[in-house]
Amino acid sequence: MQAAQPRRPNSPQSLPKVSHHPFCLSVKGHVKMLRLVLTVTSMIFFILAQAPEPYIVITGFEVTVIFFFIVLYLLRLDRLLKWLFWPLLDIVNSLVTTIFMIIVSVLALIPETTTMTVLGGVFGLVSVVCCIADGALIYRKLLFNPSGPYQKKPSHEQKLIL
């Protein structure tokens with residue numbers, strides 16, 4: 001019989017496999033990046049059209065908040081600062097952003113204004129769709145069941161509570 005060879009401390013067999021999926025490559029990351037790009041584009045169109053200042057200020061504020069969340073998730077600060085429940089803050093942000101951007105975009109589209117203002121409103125409405133998708137993705141994560149809340153588990157997977 002041969003003796004088992006001891007594992008070396010730095011060999012690939014001894015290291016535990018960590019499922020690390022970077023934020024940039026996740027669906028949530030793509031939706032947040034798309035949301036940032038669309039909101040920045042909307043803000044640029046409002047600036048070029050010299051639209052009313054509240055349009056520019058609200059979209060600028062939303063760009064800042066979205067950028068903050070992207071940096072937070074890129075640097076994995078949500079795992080470091082556990083005293084805040086980041087997914088709930090992200091959902092609230094998505095809801096508030098949706099409401100503000102709907103108001104700004106509709107107000108930009110209602111009067112007969114310049115083409116740049118209309119484009120800013122259109123990009124704002126597309127950004128609203130991304131906000132809703134972002135909120136839905138985070139809400140799904142909060143359910144702690146990625147396969148959906150209504151799918152029944154087989155009886156052998158259920159735990160018995162005594």
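The backbone N, Cα and C atoms fix where each Cβ goes, and this holds for glycine too.
Keep in mind that TrEMBL annotations are predicted by a computer and have not been checked by a curator.
Listed in TrEMBL:
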- 23-143: domain 'MARVEL' (DOMAIN)
- 33-49: transmembrane segment (TRANSMEM)
- 55-75: transmembrane segment (TRANSMEM)
- 87-110: transmembrane segment (TRANSMEM)
- 116-139: transmembrane segment (TRANSMEM)
Within the domain 'MARVEL' (23-143), how many residues are helix, strand or coil going by DSSP?
103 helix, 0 strand, 18 coil
Looking only at residues six or more beyond either end of the transmembrane segment (55-75), which have a C-beta under 8 A from one in the stretch?
23-24, 28-29, 32-33, 35-36, 39-40, 42-43, 46-47, 86, 90, 93, 97, 100-101, 104, 107-108, 117, 120, 124
Under 8 Å between C-beta atoms and at least six residues away from its ends: which parts of the chain pack against the transmembrane segment (87-110)?
39, 42, 46, 51, 54-55, 58-59, 62, 65-66, 69, 117-118, 120-122, 124-125, 127-128, 131-132, 134-135, 138-139, 141-142
Can you check how the pLDDT averages out over the domain 'MARVEL' (23-143)?
88
